[in-house]
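Novice: Straight out of TrEMBL:
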type	residues	note
COMPBIAS	9-19	compositional bias 'Low complexity'
DOMAIN	36-491	domain 'Major facilitator superfamily (MFS) profile'
REGION	1-22	region 'Disordered'
REGION	611-633	region 'Disordered'
TRANSMEM	29-49	transmembrane segment
TRANSMEM	92-109	transmembrane segment
TRANSMEM	121-141	transmembrane segment
TRANSMEM	147-168	transmembrane segment
TRANSMEM	180-201	transmembrane segment
TRANSMEM	213-232	transmembrane segment
TRANSMEM	299-322	transmembrane segment
TRANSMEM	334-356	transmembrane segment
TRANSMEM	399-419	transmembrane segment
TRANSMEM	440-460	transmembrane segment
TRANSMEM	466-487	transmembrane segment
Amino acid sequence: MAGVVVVDSSSSSSSSSSSTMKKVYPGRMTAFVIFASLVAACGGLMLGYDIGISGGVTAMSSFLEPFFPDVYRKEQGIVSSNQYCKFDSHKLTFFTSSLYLAALVVQWPASYSTSKHGRKFSIIIGAIIFLLGAVFNAAAIHVAMLYIGRLLLGLGVGFVIQAAPLYLSEMAPSKSRGSLNTMFQLMITIGILVANLVNYATNKIKGGWGWRLSLGLAAVPAAIVLLCSISLPDTPNSMIERGVSEEDVKKNLRRLRGTDEVHEEYQDLCDACANATKAANNNNNKLAIFHRKYVPQMVMTFLIPFFQQLTGINVIMFYAPVLFQTLGFGNDASLMSAVITGLVNVAATGVAFLVVDRYGRRPLFLEGGLQMLLSQVIIGSLIWKVFGVAGVASISKGYAYGIVALICVYVAGFAWSWGPLGWLVPSEIFPLEIRSTGQGVNATINMLMTFVIGQVFLSLLCATKFALFFIFAFFVLSMTLFVAFFLPETKGIPIEDMSKVWSQHWFWRRFVPSEDSTRRVEMIMVKDYLMFEESFQNTRTSIRKIEQELQILLRGNNNQRFEDQVVREVAPAQRPRIPAHVERMLKRKLSTKMKKPSENIEEKAFKTMKELNNNEESNVEEAHIYNNPLPHK
């Protein structure tokens with residue numbers, strides 16, 4: 001049964017042409033795909049637990065007093081009563097942000113590992129390193145052990161966030177890719193919620209060791225990922241890329257799709273891999289991602305994680321208990337408020353899971369952006385009214401509950417838009433030859449911005465007061481406008497056909513040629529070859545006439561010196577050879593004008609070139625005529 005091609009006209013005119021072609025392969029959503037996706041998505045559980053656990057632990061007095069005594073004294077009101085600056089400490093923020101610094105550093109090794117050894121391999125390596133980090137943190141007796149543990153956790157997270165989104169995108173059928181990839185963000189939110197619940201429970205443990213349990217339980221999601229992923233196969237794309245046999249790849253595809261009719265999908269994946277290999281050989285290094293035809297993907301992969309962190313969401317997730325204490329909540333109340341926002345986060349991400357493949361990426365981006373913008377402006381205004389610039393007032397219950405409600409609205413807006421889509425879109429837009437490199441760029445920017453925002457947030461809050469929320473609102477407005485004008489809809493497009501989306505966009509098509517323009521270039525090139533070949537044949541005909549006249553002349557002339565002169569001066573000048581500048585021109589057409597030449601045309605072109613330059617039979621014949629003329633009569 002052949003794949004079916006359907007037409008989608010739901011995307012807006014600003015995003016892409018309404019005639020974007022979508023191929024649907026035979027098969028169904030199988031239980032095996034769901035299980036494999038759940039295991040890979042549990043990598044998000046590791047990241048989410050780490051995001052949520054650090055903020056709760058840093059709000060515990062039993063943790064602050066031995067490791068960060070300066071912050072403990074400010075929290076107790078011994079040093080300062082300024083609410084904005086209560087937790088301002090670079091040492092404390094480095095405990096949170098050091099994880100993302102390590103994840104940033106490891107991105108390029110993780111990208112190499114993901115490409116050369118497979119997505120599954122990187123996930124397993126990440127889980128092992130993460131386990132070691134959890135052990136270090138739980139056993140810490142000095143702040144240096146805390147930092148080492150966080151750095152190990154970051155290395156593990158770096159491998160997982162590099163490989164898991166790719167694994168999900170490549171395992172999923174194209175019609176369900178959005179939903180399955182959203183599971184990664186869903187697991188992040190579940191991890192944050194679980195961490196908030198754990199912090200709320202361990203804070204009540206007497207004896208001051210509850211924080212150790214909170215940090216040590218990070219080993220649980222890592223153990224789940226490690227034990228379950230060992231039995232899983234790698235993605236078909238990765239198997240083909242690494243040269244696994246056809247039978248093994250098809251066996252994997254049949255298991256994933258629940259049908260024996262996988263030949264067409266396999267062939268398309270092989271074609272995509274062949275094109276990827278050819279492009280990689282031509283470009284020959286990691287800088288290929290900066291080629292002009294990849295400009296749209298690079299811009300998106302840079303700006304989406306950049307804007308994602310400038311929404312301010314991770315400072316809410318990192319420091320929710322700290323932020324709520326800053327707003328006047330008690331210790332237990334701040335932890336419970338963090339649990340509430342965690343519940344909203346999970347529920348809203350579940351909404352994205354259900355609707356992302358029905359309504360597309362752009363509508364969710366735009367609606368979520370507007371929702372976050374309004375929430376940030378109102379939150380900043382309320383904090384301004386209550387605390388002013390001095391930050392010494394107390395907050396009433398009514399205002400406190402109102403701010404919590406608005407933070408929940410803000411978190412919901414992020415959770416069904418920029419949260420899951422910030423991982424989904426960059427993982428699906430790159431062609432195979434640079435996909436792991438592209439995901440490496442995405443994760444690098446994400447971790448860099450997360451580290452920077454996490455490191456400076458408490459200092460910025462102390463310096464800018466309530467205005468910090470207006471700063472975040474400005475960035476939310478900017479990124480919403482960016483999506484409205486420059487992000488095409490990618491819903492339901494097979495990954496191997498994603499370049500068509502960019503070639504039909506009103507702005508990006510100037511960088512990515514369409515198939516029609518590619519075919520026109522191919523036709524022009526073939527026409528040039530045919531014209532040159534015709535000229536060559538005419539030249540050969542003329543040479544034959546010269547040969548005949550030369551033979552007649554030689555038969556009627558016994559002067560050997562005259563014969564040698566004719567052979568030496570006349571004949572070589574008539575030998576048909578391609579001029580060097582013509583050869584360079586033809587090669588240049590192949591390498592620059594043809595952005596994506598079809599294989600048969602390219603092979604024909606090079607074959608013609610070879611025949612023109614290296615026709616052994618013709619060369620032998622000419623050598624016999626010119627170097628061994630007919631005997632004299």
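Placed from the backbone N, Cα and C atoms, the Cβ positions cover glycine too.
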Novice: Six or more residues out from either end of the transmembrane segment (399-419), which same-chain residues have a Cβ under 8 Å from its Cβ atoms?
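Specialist: Here the qualifying positions are 185, 188-189, 307-308, 311, 313, 316, 324, 327-329, 337, 340-341, 344-349, 351-352, 355, 364-365, 367-372, 375-376, 378-379, 382-383, 386, 479.
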Novice: Could you pull the average pLDDT for the domain 'Major facilitator superfamily (MFS) profile' (36-491)?
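Specialist: Residues in the domain 'Major facilitator superfamily (MFS) profile' (36-491) carry a mean pLDDT of 86 in this prediction.
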Novice: For the transmembrane segment (334-356) and the transmembrane segment (180-201), check the count of CB pairs under 8 Å (sequence separation 6 or more) and say whether it reaches 3 or more.
Specialist: yes
